[in-house]
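A short worksheet on the structure shown next.
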């Protein structure tokens with residue numbers, strides 16, 4: 001038994017810098033804000049006009065309630081990410097109570113859920129736009145509106161990245177708040 005204790009004392013655990021978790025939180029929150037803002041801007045600026053059978057037809061995000069929700073949800077997620085930057089900084093410097101981290105967990109969970117819902121709604125409409133649905137007579141439009149569909153795919157990819165970043169932030173904040181005794 002004394003040999004085990006001696007080995008433990010020889011190899012003490014590495015000390016964690018108090019700034020490294022804060023730096024990781026800041027980087028992840030900035031990445032999430034940038035990805036969701038980029039997704040919203042790409043969606044909002046997506047517009048294409050084509051002439052089919054002598055008729056001019058437009059495609060833009062406002063024609064679909066799912067794409068409108070997607071753009072607005074990504075803007076809200078961006079704003080919430082920026083606001084949470086300040087909260088994370090204040091909590092890291094001034095708070096040792098894990099109860100306060102629980103509110104950050106709830107915030108991160110709400111943003112993650114919002115992004116997941118937005119990605120799901122836009123993906124569902126995007127799949128119908130790409131492949132159509134022969135059972136109900138919906139035709140695929142991406143053959144005619146290729147540039148619009150490509151921009152929506154880019155926006156979905158960016159929003160999915162923001163979702164994954166916020167999911168990771170949710171796990172991190174859940175880990176920090178796990179010391180709560182209810």
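Even glycines carry a Cβ here, placed using N, Cα and C.
Not measured: the values here are computed from a predicted model.
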Next on the checklist: Quick test of your reading of TrEMBL: among 17-45, 104-132, where does it put transmembrane segment?
Outcome noted: 104-132
Next on the checklist: Given a Cβ distance threshold of under 8 angstroms, which distant residues of the chain, six or more beyond its ends, lie next to the transmembrane segment (66-92)?
Outcome noted: 18, 21-22, 25-26, 29-30, 32-33, 36-37, 39-40, 43-44, 100-101, 104, 107-108, 110-111, 114-115, 117-119, 121-122, 124-125, 152, 155, 159, 162, 166
Checklist outcome for this item: Long-range CB partners for the transmembrane segment (152-172) (under 8 A, at least six residues beyond its ends), listed in sequence order, are 21, 24-25, 28-29, 31-32, 35-36, 38-40, 42-43, 46, 61, 67, 70, 74, 77, 81, 105, 108-109, 111-112, 115-116, 118-119, 122-123, 126, 129
